[in-house]
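Here is the structure we will look at, set down as structure tokens.
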Amino acid sequence: MAELDTLDIIVLAAILLGTVAYFTKGKLWGVAKDPYASSLAAANGAKAGKTRNILEKMEESGKNCIIFYGSQTGTAEDYASRLAKEGKSRYGLETMVADLEEYDYDNLDAIPEDKVVMFVLATYGEGEPTDNAVDFYEFINGDAPQFTLDNEPALGNLNYVAFGLGNNTYEHYNIMVRNVDKALQKLGAHRIGQAGEGDDGAGTMEEDFLAWKDPMWKALAEKMGLEEREAVYEPVFGIVERDTLTAESPEVYLGEPNKTHLDGTPKGPFNAHNPYIAPIAESYELFNVKDRNCLHMEVDISASNLSYQTGDHLAVWPTNPGEEVDRFLNVLGLAEKRKNVISVKALEPTAKVPFPTPTTFDAIVRYHMEICAPVSRQFLATLAPFAPDEASKAEMTKLGGDKDYFHDKINVHHLNIGRVLEIVGKGQKWTNVPFSAFIEGVTKLQPRYYSISSSSLEQPKKISITCVVEEQKLPGREDPFRGVSTNYLLALKQKQNGDPNPSPYGLTYEITGPRNRYDGIHVPVHVRHSNFKLPSDPLKPVIMVGPGTGVAPFRGFIRERRKMVENGQSVGKTILFFGCRKSTEDFLYAKEWEEAKQIMGDSFEIVTAFSRESGKKVYVQHRLKERSKEINELLEKKAYFYVCGDAANMAREVHNVLGQIISEERGIPEAKAEDIVKNMRASNQYQEDVWS
């Protein structure tokens, strides 16, 4: 047999490859892909080939203004997007919004002077950076940040703008923006305008932002030679009707957060971009009154790779109530088109569509938009040109431009966007508003965080939460303002306990989820790790102050120490100060505290304050003061002191009382006692898990 020469081998190989290619077309290659499908990788920000070089990104996309955000709940991201839109529409800036964790910072020194960098930074918890800003914060505040060039000063080229989001009920109010501003100035960067600070604790965040941005824009325009022009709405997203698809088409997202959920095969890691659809093992009512609800809920994570530590938070991904979804779609004239399939495409390269597509109007509004949130004044001004008549346009313009008028008509009533459009339009449909304006202007529906009330030592694969179902009766408003997430959880609890069609307070929810994948009573969740932790030494004494649902993490702490005792370990003195209205109505976990006492003996004590059982109201801070001598003695033994609950009133009062106790018991001035409390905070001996 003749041997094959090299040419023969090449020809035969080419024929073989061609044959394989022909028969595998449409299977292994040449597969038609849905250009609108979103992958899990995209949801996690892990796009293939995506550059982390911010200068490279700005140059390739023709941008001269980048707005970095550090956001935990989505508000800072929302403000960053608003600055980007305004910079483009009013001043012709080529803007882009950027998540801090998606880029490197070592080439900030190479950004030319004719470009500007904005930082919109939230402070999280006790003066901590948000999860996505940790690396940046550590880098910029390092002893000697290493940049790419040898500039002197290092950031002498950098022009920047800064705005912070904080809460004055925390000791380290707006510390993120303050420290970043200080670090940038130290490195020679040039701040344009003042560093703004918004205060969520005083309820003035929105107005603080609006008051800061106008003088900032004026200073920026002067610095960069910009000319203001009449702002005209330019859509960031394009809406494409997909007539060949229906809501039953398998590639259409009906509320699923990413591709693996759409395919019915969710994969970890489960996190803030990718929830775990967790079965609810058990749920029950904790209050003994008819007009208020408090839920205990046990979430099973045994089939996931999720884990938690005692003191962490569980994030719940809610859905909007049907009543508000209907209101929103009706007022836009989209009720008949709610199931129509659309794709949403970014019209400029750095914009990110905030949910996967193709999808439906109903799914976007129900699962992805914060339609129940109080509306912003700036957004109403944006919608004014699209009003259905001149009277509505004039009213929207006045609401958007007059701070006091907006406050009296809208803000005090906590009106959401659907309700405002109904009232202003007097029942007319707002069909002129591009749907893209709502995608851009309504915040993305955010997970809600709850202190975990179980112990990971006792039940590592089951997480419990404790939450009051939120309602606020507001003057001038017929129906109460109701919390989105807690009422959703109440519906789940009612369904689990035998109600086939739950409608708490008249609200209904799609509790079976997209394509009924949440049925069997499931809830989308992820775990957020916290620094709110028991001391590593179990013999250290702990003092816990947690009225109402502020007791949640302390139930976990006590169950943890109770389990240690059952395992033969010794634990330090464990005192819980708990307060509620009446011992017969809202005394949470009363039976459990008795059981803990029997197991832990003298190492556990609960001190109660029932505010409505006598003529004089008694709160936890009063009980704390009554035990001054013992509290001081425990603190001198390096006891850990914990507070959980309302930041504006209770936590502040407790802080003040603690200073008084130390001052009086040790015979030192109050200023010196306050320094001791500050040092306790700095060393984590004093920890807070509070909310406004």
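Here the Cβ of each residue, glycine as well, is placed from N, Cα and C on the backbone.
Per TrEMBL, these features apply:
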BINDING   71-76, 122-125, 165-174, ASP200  FMN binding site
BINDING   ARG292, THR549, SER611, ARG612, LYS617, VAL618, TYR619, VAL620, GLN621, GLU653  NADP(+) binding site
BINDING   ARG448, TYR449, TYR450, SER451, THR466, CYS467, VAL468, GLY483, VAL484, SER485, THR486, TRP691  FAD binding site
DOMAIN    65-217  domain 'Flavodoxin-like'
DOMAIN    273-521  domain 'FAD-binding FR-type'
TRANSMEM  6-24  transmembrane segment
Extent of the NADP(+) binding site in Å [max Cα distance among ARG292, THR549, SER611, ARG612, LYS617, VAL618, TYR619, VAL620, GLN621, GLU653]: 26
Distant-in-sequence Cβ neighbours of TYR619 (NADP(+) binding site), under 8 Å, six or more positions away: PRO547, GLY579, ALA609, SER611, MET650, GLU653
Residue from SER71, TYR170, ARG292, GLN621 whose C-alpha is spatially nearest that of ARG448 (FAD binding site), among the binding-site residues: SER71
Which same-chain residues, if any, lie at least 6 apart from THR486 (FAD binding site) yet have Cβ under 8 Å of it: LEU295, ARG448, CYS467, VAL468, VAL469, GLU470
The domain 'Flavodoxin-like' (65-217) [mean pLDDT, rounded to integer]: 93
Cα proximity to ALA122 (FMN binding site), best match among binding-site residues TYR450, THR466, GLN621: TYR450
Residue with minimal Cβ packing [other Cβ atoms within 10 Å] among the binding-site residues ALA122, VAL468, VAL484: VAL468
Between GLY125 (FMN binding site) and THR466 (FAD binding site), the C-alpha gap once rounded to whole angstrom: 20
Surrounding CB atoms that lie within 10 Å of the CB of LYS617 (NADP(+) binding site), all protein chains: 12
